[in-house]
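Okay, so here's the structure we're looking at.
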Amino acid sequence: MTTRLTATSLLLLSRTLRRGVTSRIPPRPFGIAPLGLELSAGIIPRAQSRLAFSTASRDPGQQEPPPAMDSPIKVVSHLGSRGGEEGGGAAIDAGKSARRPLSLWPGMYHSPVTNALWEARASIFERMMDAGNGAADDDAGEQRAPTELLVKTPAQSRTSIVYKFATDDILREQYRDPWNQVRIGKLLEDLDALAGTIAVKHCSDEDSTTRPLLVVTASVDKMELKKPIRVDTDLKIAGAVTYVGRSSIDIQIEVTQVDQDGDNQSDPIALTANFTFVARDSKTGKSAPVNRLSPETEREKQLFSEREARDKMRKRKREEQKGGLENGIHKLRAEAERLNALLAEGRVFSDLPALADRDSILMKDTRLENSLVCQPQQRNLHGRIFGGFLMHRAFELAFSTAYAFVGQRPCFLEVDHVDFLKPVDVGDFLRFKSCVLYTQLDNPEQPLVNVEVVAHVTRPELRKSEVSNTFHFTFTVCSDTLKNGLKIRNVVPSTEEEARRILERMEAEGLCN
């Protein structure tokens, strides 16, 4: 027997089936990765979130736990069963997380580590939201701004992450580059996310009626790679607050990895990084004061003194720039002489190209560029594009620029400086432009290639483009390639604007007399 269905009947049937299926599918919170992230006790479970992020309410007579006893955030890539008590290192429960608003879920693009860190960070905001909902019947009706600053120790913000590369095949594959080392660009994401989590922990307090501060990355002062980071050996990154200003927070992070042969005598530190965050009031957007810092150990006091001296020197330089007319004239004359010296070879390329130095190349001939439209999956907890994602994209473009310039695989050495000038929003048209800014060829055994990447937020509707970020990376080449006769060319500017960019960077690095 054959039954005929009209178009109207088919439409009604499909709608009915669709409603029935949809009603049986539980909502999936935005940002939940398909990989289970196993976190150590006291980090994720909401019942312990206050203990994990603020220990100001502990017994005054109780001693601060040593730095080595911090609870590391362990990251794995496989699905794990809950097994055990609620707070016993359970995997993220997507069902329990469904109650969290979308604003507290970052995008799905990020690595397992950034997902784990943002899970930990979101517990603070959840606590604040719950307190705000509980106070809805009060006269205040909303959370108030923090009124009293606490004094915290670096140990209270110290956080670490453990990468089980030796035993977790999937996690290892996520971070492996073609040369069996860790993808530095992906690691930059994790470092930025960890630094942000540390900043949030330092700014939090025990008063659940105060609204949390927003912390944003202001700059990366220095990130130095001390040795190659392997992807087949376990890795750990750990950091803590080292210095605070009125609204700024300096954080130092160390990446450690024991050599593959298990030699504990060698220095396990593979990379160090220094981040600066600034705090903003979550309602007004204005700068907000942060909790004070009280270093305890000799190492913490030393780091505090070093960062304090650096902060004073930076302020002194700003004052000197506002100095008298005579100093300004002298500086302009010296700068004009250096500009002319830099432009001398570039003018030969323009005016007498047949006579130009064959060992030199114009800066404009080293350029690369790529672009993208920023997607919701790339945002952070505050709805802006994640700074670690920007550093990741900038690094990979810088690596490609150095690769094309050298003709061999470059070796990353350090991030010289990163400025976060303007926030980048979802939907922005972002353009990354890179070039080899200058080379340092004084040491033939380790020639240096300095690459600049500038990110522009472009708005075609307004015919407008603004610089949002500047990045400076330093690369070198492997010694074996130098033995085979590889020669690095000198980079020269062809315009005054290019020469000024070189001078500014050299002055920042202390390379100008």
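Even glycines carry a Cβ here, placed using N, Cα and C.
Sequence annotations record features per position, and here TrEMBL assigns signal peptide to 1-23.
Annotation source TrEMBL lists region 'Disordered' at 53-93 (among others).
Marked as domain 'HotDog ACOT-type' by TrEMBL: 161-283 (among others).
Marked as region 'Disordered' by TrEMBL: 285-326 (among others). Here the region 'Disordered' (285-326) has long-range neighbours at 64, 67, 145-146, 149-155, 202-203, 205, 213, 240-250, 252, 278-279, meaning same-chain residues at least 6 beyond its ends whose C-beta is under 8 angstroms from one of its own.
According to TrEMBL, the feature compositional bias 'Basic and acidic residues' maps to 295-311.
As annotated by TrEMBL, domain 'HotDog ACOT-type' applies to 364-481 (among others). Within the model, the domain 'HotDog ACOT-type' (364-481) shows a mean pLDDT value of 91, rounded to a whole number.
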- line: For the region 'Disordered' (285-326), the DSSP helix/strand/coil residue counts are 26 helix, 3 strand, 13 coil
